[in-house]
């Protein structure tokens, strides 16, 4: 029992459970005895009805759209705290992850196009390596435990959130043809209500969660990635302490174990089960998967490192406190873990063209993300162990 308590109290435990869940999913998805059960579980329909409102989704989409909104709520709370009271409190520190994210989206997309520009079909997947899977990136970072400077973790979270916002904008502009204006209007109204609650000094977390549920539903119905609602709600929950209590910090403390030990492992289990059936060397060495692998493994760290160097060179930003440029480069490699967001963009880019393209894209995403995780972890571990 003491060993179990020690494990769950360690900073690395969440990352270890995440990796185990992902490995289990890969194993089950590729074994004849379990693949049927695995896919049946993900495709199980779950219906939610409140009056005239009805939401029909399978288990996979409930995990990705609903449970992950809770994860993004926690991320929003943590980033807000650092923006107002922590390592991102100055303008030059706050702008650093923004500049990094821009580089981390532009360069991978250009590198992918260098491989696929001559093919008008695969060219449509240019945004696939521009995405970062914040959950898996943080999971790998967590494996290094308390050795990771808090400012570096916050930098990764802020960078990945901006990256995700960029991916959502790209999806809305280039891959979505049926945005619901009415639902977007309801979402905008809910955001105004959240802002008014904050300005009026309302400190009851439940009120924000209730309005947040309306916002989540509206964003979901609009055709935009619903997890965005979680970040927005997190930004509006009050951080200031009153009588020694902060609603944002209290909610952050409550959510952390649920996210680390239930939501993220479940997310990994639901999304990591990529089938390797039908994989051939010819397909693996085609321009589509090679472009994705190059974009994630080379383009991501190159874009982030280059733009960060330019920001520092021209004194537009500062390094996060207690970090080094080498550590920033390692985070850039970890941002090459595109995984679920990349798979989502691939399904939009090729879903109406050829299912085989989606399979090759998934394989490229899996290889690129896995290599980024291994190289990024090894690089950062070496940088953390190096003498200052």
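Heads up, the Cβ atoms here are built off N, Cα and C, so glycines get one too.
Per Swiss-Prot, transmembrane segment is recorded for 14-34 (among others). For the transmembrane segment (14-34), same-chain residues at least 6 beyond its ends with a Cβ under 8 Å from one of its own Cβ atoms are 135-136, 138-143, 260-261, 264-266, 268-277.
Using a Cβ-Cβ cut-off under 8 Å and counting only residues 6 or more beyond its ends in the same chain, the transmembrane segment (59-79) has close neighbours at 41-46, 88, 134-135, 154, 157-158, 161, 212, 216, 220, 225-235, 237, 248-249, 251-252, 255-256, 258-259, 263-264, 266-267, 270-271, 340. What Swiss-Prot records for 59-79 (among others) is transmembrane segment.
Sequence annotations record features per position, and here Swiss-Prot assigns transmembrane segment to 95-115 (among others) based on sequence analysis. Sequence-distant contacts of the transmembrane segment (95-115) (same chain, six or more residues past either end, CB-CB distance under 8 Å): 88, 123, 125-130, 132, 155, 158-160, 162-163, 166-167, 287-288, 290-292, 294-296, 298-300, 302-308, 310-311, 316-320, 328, 332, 335-336.
The transmembrane segment annotation in Swiss-Prot covers 125-145 (among others) and rests on sequence analysis.
Under the heading transmembrane segment, Swiss-Prot lists 154-174 (among others).
If you look up Swiss-Prot, you'll see 179-199 (among others) marked as transmembrane segment. Using a Cβ-Cβ cut-off under 8 Å and counting only residues 6 or more beyond its ends in the same chain, the transmembrane segment (179-199) has close neighbours at 172, 207-208, 211-212, 214-215, 218-219, 221-224, 229, 232-233, 236-238.
Summarising the annotation, Swiss-Prot assigns transmembrane segment to 219-239 (among others).
Swiss-Prot lists 254-274 (among others) with the feature transmembrane segment, giving sequence analysis as the kind of evidence.
Same-chain residues lying 6+ beyond the ends of the transmembrane segment (292-312) with a Cβ under 8 Å from its Cβ atoms: 95-96, 99-112, 115, 125, 128-130, 132, 159, 318-319, 325, 328-329, 331-333, 335-338, 342, 361, 364-365, 367-369, 371-372, 375-376. Under the heading transmembrane segment, Swiss-Prot lists 292-312 (among others).
Here Swiss-Prot flags 328-348 (among others) as transmembrane segment, drawing on sequence analysis. Within the chain, the transmembrane segment (328-348) has long-range Cβ neighbours (under 8 A, six or more residues past its boundaries) at 64, 100, 104, 108, 125, 127-133, 135-137, 140-141, 152, 155-156, 159-160, 163-164, 167, 170-171, 175-176, 225, 267, 271-272, 292, 296-297, 299-305, 308, 319, 358, 361-362, 365-366, 368-369, 371-373, 375-377, 379-380, 383.
Sequence annotations record features per position, and here Swiss-Prot assigns transmembrane segment to 356-376 (among others).
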Beyond the flanks of the transmembrane segment (125-145) by at least 6 residues, Cβ under 8 Å: 10-16, 18-19, 22, 68, 71, 75, 104-106, 108-109, 111-113, 116, 152-153, 156-157, 159-161, 163-164, 166-167, 170-171, 174-175, 260, 264, 267-268, 288, 291-292, 294-296, 299-300, 331, 334-342, 344-346, 349-350, 357, 361, 364-365, 368-369, 373, 376-377, 380-381, 384
Selected stretch (most C-beta pairs under 8 A with the transmembrane segment (219-239)) from 154-174, 254-274, 356-376: 154-174
Beyond the flanks of the transmembrane segment (356-376) by at least 6 residues, Cβ under 8 Å: 121-122, 125, 128-129, 133, 136, 140, 274-276, 278-279, 283-284, 286, 288-297, 300-301, 330-331, 333-339, 342-343, 346-347, 349-350
